[in-house]
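What follows is a set of notes on a single structure, which appears directly below.
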């Protein structure tokens, strides 16, 4: 007995120590991964459920304010990253809430015992159930017996929020009547359902769509046996194994990672972009390895029917062989809304098929699919169906199999450099150079000669009429009245739709006779052409008194040219600023519409920045810094100091002109819009502008504001510093645009890496390189191109930052449309914190057209 007393003493000591240890350190108590029918989880207890391997954690949380949610996040990751939220649309309004099992259902109750959320299971009620958090992040409800552990009564994987985890399925479960899809958060701090969804459409051949307000934004393309046809990168993901299942019971996509110790997720962010992340343990941050949409061609139906998008061409939209623009003038100016139409009408039974290679095939929601036949039978099936317009294989494995045929219009196709799919488009035989019969040739010859005679007569009459007009020595009667009728009676239309000017207000703008313009430009001689714009040609001219002018002759055929003419005359005639181009007069004669500007000797900024000529040597750093300041002051005048609050909407290097002293002047106000003083933003069904300069919210959702111009200014600043275009910029070994390249260098403390070599050329006597000014401009440029509009500074702040050498400047966040493989900042990495760098949440609006140049 004596020998046992010391052992008992040690046992008592151990239990006393353990008791006090657990009291003093409750957070270090053993975590559980289950919740039984007799247990509960409350906000006040601050307890959580942890998966067996400590990978995931479930508990109550809040981000801002008094709204509480039940969610799941990664346990071992320092950055709180939420992957599932139970009551996302029914938050608890105060810190009194409880999760428990009631009647074989999981329920969340508020302080009045009201059901805030429930699993809503019906039918036979089991006597004993238990909830469990698994190591794959799945929160399940199952029977409490050991042999029932694999039978889930309910699981969170069937009800995703904004994130898809490995082993989680996205798509339809026909057997259980489930449709699993992800929905964005409403904002960075609000987990409730946002405006964007990524879900499966099973009409035709199953494929995923990105939606906003049930309007398609982008499309994955159908599964072709190896990958989704619009996501070629899938075959390059060595660390991920993906699977697509299509049978009577389900149509679903899922993935898993090869390294079971690594973390990966697929998340739709607050602006609708689908992003793939992989956790980097050494860097302790999320690495974004993929996202969609990644470029303009990913936007759904961007080029309209019978056209394809190709990022390697300019313009990016191209009519398919055998088709032509309905309005060539509009198409050439960048307006692709006029659609493509057939050059030659089809003749059923005689038509042939043209092969388009390396394509993302059109949307299949209205297509007919037959997986039992091959390509040859598919061609015959399409040929005998007179309304069939195209066909392709449904599966590209083993030489191809299956058949898709499109009836009527098809849209949303793009061309890849390689690895795309073959699409066969139905064309008239004449498009292949088929020989016509003798009778057909004779008929064609007769018709052709007749048309030539008629056309010659019309041209002769037109020439005589023009000659008569050219001899006139005075403007026609009512010349000023006609201009007033064209311009003034329409008024200046503000973004709200209200007319700013009425018939009683007269334009204080000199009018020039057409004959004077003809003489000044030497009858619009080609030798006097300064440039060609989207709506016409600009000529250099000299008046009789020796004054040099720039003459903008708008296209006679373009209705947009007329609209631009009206808008520019109404706006710029009332604006006076040293950094805005000055409109001297205008001229309207017959169908001619002409604007006359001051002539600026040094031309446009882009000719100095991007063309390898001697003119680029004029741009030492002091000149560039002066240009940046001048553009900023001009924009500030438009946004704040002018009579009207004006949004330019097309600020770019080619729309900044330089006088003999290299003073910058903003030009081309044809796309500008006027705001009320208390108006902050507006939206449009027709997005106009230039790719590379458009802000994300404007390009994708049609929302524009002063912050849209700020974004364009930021792009322009980085182009001035680097001497490189944002659009078309490619860095060796990377897939970034200029914004992404600048951002990566800035994060690594290598901001000066992007600077134009001409600026730092020590051998140049003109070089006055100031590194601190350059870095300040790069930082300001990055602030201006931040993804969220609300994060961008106003132009008043930009002017102040440019002029202050000692003032503290905020650190920028990730830019909008940052292309390429990149690692997110620590502050931008989780589903809660990562959203801080995302764009402003947008309203549910309709964007029917993007008209960019």
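Cβ atoms are placed via backbone N, Cα and C, with glycine included.
Screening 46, 661 against Swiss-Prot annotations picks out 46 (annotated as N-linked glycosylation site). Record note: of 120, 602, Swiss-Prot gives the feature N-linked glycosylation site to 120, with no matching annotation on the rest. Swiss-Prot marks one residue of 243, 523 as N-linked glycosylation site, namely 243. Using DSSP to sort the residues of the domain 'Bulb-type lectin' (34-154) gives these counts of helix, strand and coil: 3 helix, 53 strand, 65 coil. Per-residue pLDDT, averaged across the region 'CaM-binding' (613-631), gives 83.
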